[in-house]
Amino acid sequence: MTRFLLLLITLLPYPGLAFSLTLPLPENGDDIVGKVIELEARYEDTLSDIARNFDLGFRQIRIANPKVDPWLPKEGSQILVPQQYILPPGPRSGVVINLAEMRLYYYPDARNEVMTFPLGIGREGWNTPTGDTRIIRKKKDPAWVVPESILQEHEEKGDPLPPVVPPGPDNPLGGYALYLGMPGYLLHGTNKPYGVGLRVSHGCIRLYPEDISNFFSEVPKGTPVRIINQPYKAGWLNGKLFLQVYPPLSEEIGEKGQNFTGLVAAMLNKLGQDSRKPDWNALQKIGGQQNGIPEELTLWE
């Protein structure tokens, strides 16, 4: 794992200044972008604050730091900021959304770079679908036409909603919306930013307000969107094979618990014709950690 030790860092005073990630694509056929950063927590920090300032979702920073109290990390605690990613499998073009890692990758045309943003996705029972689609409409300051199913849900809870929520601070779509070819599904901002990196929506995909503003200005109407669910990724960096494992979505976990078939398949697919043999014990350990950080897999001659 490649890590960059940040000896002195001052977190931004408010999330509106958090930066989104635009990273150069590897030019040598490698698959990994970014770095893992280490920093020391301040007295007033929470993992949510750190996550937003480094454009991570809450679950992403939580699984990378499982022994750290997310709300009261001790001052001086070492925090891993996992800003290193194995690029998703498949073509590096358009928009790729990986539900398992709750992250979007956008490959702008004619630019050898990738923009990446954390996401909030549909909760269990309101799953965000997988498949191929495209952006069919863009809208700044959208009104929210509340779906009948959500109207009914809120009515049953004694919290009725109007049929249409106008633009403004009470609108859950935030300041921007990108409508997909999948009827009823869109990418949008949010008025509840700490739901980014969690499964909290009715199926739509939410971004931090600062990220959707940036993404909205960059991505054109008609851009293809590929939505996948891949908790296991494998990729090369400087001749070494790495695995990156996220916890599968809860409905993907069988009665017998963890199944490494998908991880083995991802590894073998990336290994290709390489005759070296993987360290199976190390693979099982990486698969069990599920920390979302690229880890090197030893290959034996």
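Glycine is treated like the rest: Cβ placed from N, Cα and C.
What TrEMBL annotates here:
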type: ACT_SITE; residues: His188; note: active site, proton donor/acceptor
type: ACT_SITE; residues: Cys204; note: active site, nucleophile
type: DOMAIN; residues: 93-228; note: domain 'L,D-TPase catalytic'
Legend entry - DSSP-derived class (H/G/I helix, E/B strand, else coil) of Cys204 (active site, nucleophile): coil
Inset, instruction - For His188 (active site, proton donor/acceptor), name the DSSP secondary structure in the helix/strand/coil scheme. - result: strand
Legend entry - Cβ packing number for Cys204 (active site, nucleophile), 10 Å threshold: 21
